[in-house]
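Chemist: Handing you this structure, nothing more for now.
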Amino acid sequence: MASSSMDTEAAGQELKGGGYTVAATAHAVDSVDRCSLLLVNTTDSWQQVGLLLVIGFNCAYVLSFSNLMMAPLGWGWGVACLLLVGAAAWYANWLLAGLHFIDGQRFIRYRDLMGFVFGRKMYYITYFLQFTTLLLCNMGFILLGARALKAINVEFTHSPARLQWFITATGIVYFAFAYFVPTISAMRNWLATSAALTLAYDVALLAILIRDGKSNKQKDYNVHGSPAENVFNALGAVAAILVCNTSGLLPEIQSTVREPAVRGMRRALLLQYTAGAAAYYGVSVAGYWAYGSSVSEYLPNELGGPRWAAVLINATAFLQSVVSQHLFAVPIHEAMDTRLQRLEEGMFSRYNLTRRFFARGLIFGFNIFVTALFPFMGDFVNLFGSFALVPLTFMFPSMVVLKIEGKSSGRWSRLWHWGVIVFSSVLCVATTAAAVRLIFNNARIYHFFADM
């Protein structure tokens with residue numbers, strides 16, 4: 001289905017399958033010809049990439065998943081969907097990892113893979129879906145970081161500042177990190193710190209959740225609302241579970257894995273969907289168990305215990321999010337850097353530093369503005385989980401397999417992949433409708449209270 005060896009020709013050539021020229025990349029990894037896509041020495045081990053995935057998906061987003069994933073579904077459907085969607089995301093990413101090489105060509109961008117196989121139109125569709133996902137994801141990170149800072153502020157004052165001020169401060173911190181740590185591979189120096197922060201707030205959070213859950217005798221696990229509301233909320237929960245498990249940028253992450261890249265990436269995925277999932281699923285389930293269906297959209301708001309524990313959890317969650325958010329924004333930065341910087345110069349040349357300053361400022365300035373205007377956590381999670389991640393995760397890999405294998409594949413294989421495509425298309429439409437409904441409802445309520 002896919003070649004296992006790297007093409008030795010320069011990758012800036014005209015591709016037969018896509019009818020376009022693959023762009024150069026500014027985010028070269030170690031020793032590399034910057035005017036091609038041929039990564040000569042990709043040095044990141046699968047253990048490093050696996051740890052990056054575990055840390056990235058155990059980010060501050062887990063503080064909202066009890067409300068977004070479990071409360072709309074209840075125990076039975078909630079646990080079932082956690083397991084089914086997690087397993088499906090694992091399979092889909094495992095399949096996509098095997099498509100890293102096609103006809104001797106290595107693809108370090110998802111959009112290049114789709115363009116090679118289906119042509120320029122699919123290149124731009126993938127570009128739009130992927131970048132929409134990453135922008136909305138970054139807005140969600142900014143909002144979560146701001147909520148963590150505001151929660152700390154509340155512990156020390158009775159008149160906390162407005163959330164929008166903390167949104168601005170969070171965006172500025174994220175901007176600084178993205179400016180000085182420009183690439184995925186450069187994040188290796190921050191993995192140990194991020195892992196320590198993740199462990200700190202996970203352990204502290206679980207300890208308080210267990211204590212609160214044992215003391216709370218009035219827990220209600222019923223799913224409330226009309227049948228129509230419950231259906232829409234359940235679809236939103238499925239989208240949130242998908243967000244919890246996948247990113248839509250696996251080829252970009254896999255581009256840093258040393259040879260054999262396919263086997264290494266699949267080992268990293270195994271680490272994510274075992275050790276990583278145990279942590280973020282554990283926090284989500286524990287939060288629902290402790291507080292029931294009334295659990296807050298931002299879990300630390302529910303916590304009892306001493307002030308220092310709340311400050312510790314929010315502080316570590318904020319600091320860890322600084323590293324995690326960068327993983328999910330790097331493809332946007334790579335596209336901007338490749339277009340604006342001089343590829344023959346180093347990332348830290350004066351010219352490239354200046355260009356990168358304005359590029360990062362443009363991205364984070366836009367994200368700060370939109371986040372401050374619509375500070376609804378559930379909207380960010382559900383919308384990009386439904387509208388973009390469903391096709392990127394499930395539909396596109398099966399499309400590529402069908403295109404590559406053609407009639408040479410067995411009948412059952414073709415039926416399986418066509419079934420995945422049809423089902424994921426229906427799921428995309430349904431979950432997107434639920435997310436749009438949530439946006440309108442929250443916008444109406446928010447403006448009502450804001451005008452009072």
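Every residue gets a Cβ built from N, Cα and C, even glycine.
What TrEMBL says about a protein is an automatic prediction, not a curated fact.
Just lifted these from TrEMBL, have a look:
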- 43-435: domain 'Amino acid transporter transmembrane' (DOMAIN)
- 49-69: transmembrane segment (TRANSMEM)
- 75-102: transmembrane segment (TRANSMEM)
- 123-143: transmembrane segment (TRANSMEM)
- 163-181: transmembrane segment (TRANSMEM)
- 190-210: transmembrane segment (TRANSMEM)
- 270-291: transmembrane segment (TRANSMEM)
- 311-332: transmembrane segment (TRANSMEM)
- 357-377: transmembrane segment (TRANSMEM)
- 383-404: transmembrane segment (TRANSMEM)
- 416-440: transmembrane segment (TRANSMEM)
Chemist: Are there residues at least six beyond either end of the transmembrane segment (357-377) with Cβ under 8 Å to its Cβ atoms? List them, or say none.
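Modeler: For the transmembrane segment (357-377), the list is 64, 68, 135, 138-140, 142-144, 146-147, 163-164, 167-168, 171-172, 174-175, 178-179, 297-298, 329, 332-333, 336-337, 340, 438-439, 442-443, 446.
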Chemist: Give the nonlocal contacts of the transmembrane segment (163-181) in its own chain as ranges (CB under 8 Å, at least six residues past its ends).
Modeler: 138, 141-143, 145-147, 149-150, 153, 187, 189-190, 318, 322-323, 325-326, 329, 333, 356-357, 360-361, 364-365, 367-368, 371-372, 375
Chemist: Under a criterion of three or more Cβ pairs within a distance under 8 Å and sequence separation of at least 6, are the transmembrane segment (75-102) and the transmembrane segment (190-210) in contact?
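Modeler: Since fewer than 3 Cβ pairs under 8 Å link them, the transmembrane segment (75-102) and the transmembrane segment (190-210) do not come into contact.
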Chemist: Tell me whether the transmembrane segment (270-291) sits in contact with the transmembrane segment (123-143), defined here as at least 3 Cβ pairs under 8 Å among residues 6 or more apart in sequence.
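Modeler: The answer is no, given that the two segments have fewer than 3 Cβ pairs within the 8 Å cut-off.
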Chemist: Could you pull out which residues elsewhere in the chain have a CB under 8 Å from any CB of the transmembrane segment (190-210), counting only those six or more residues past its ends?
Modeler: 48, 51-52, 54-55, 58-59, 63, 181, 279, 282-283, 286-287, 289-290, 299-300, 303-305, 309, 312-313, 316-317, 319-320, 323-324
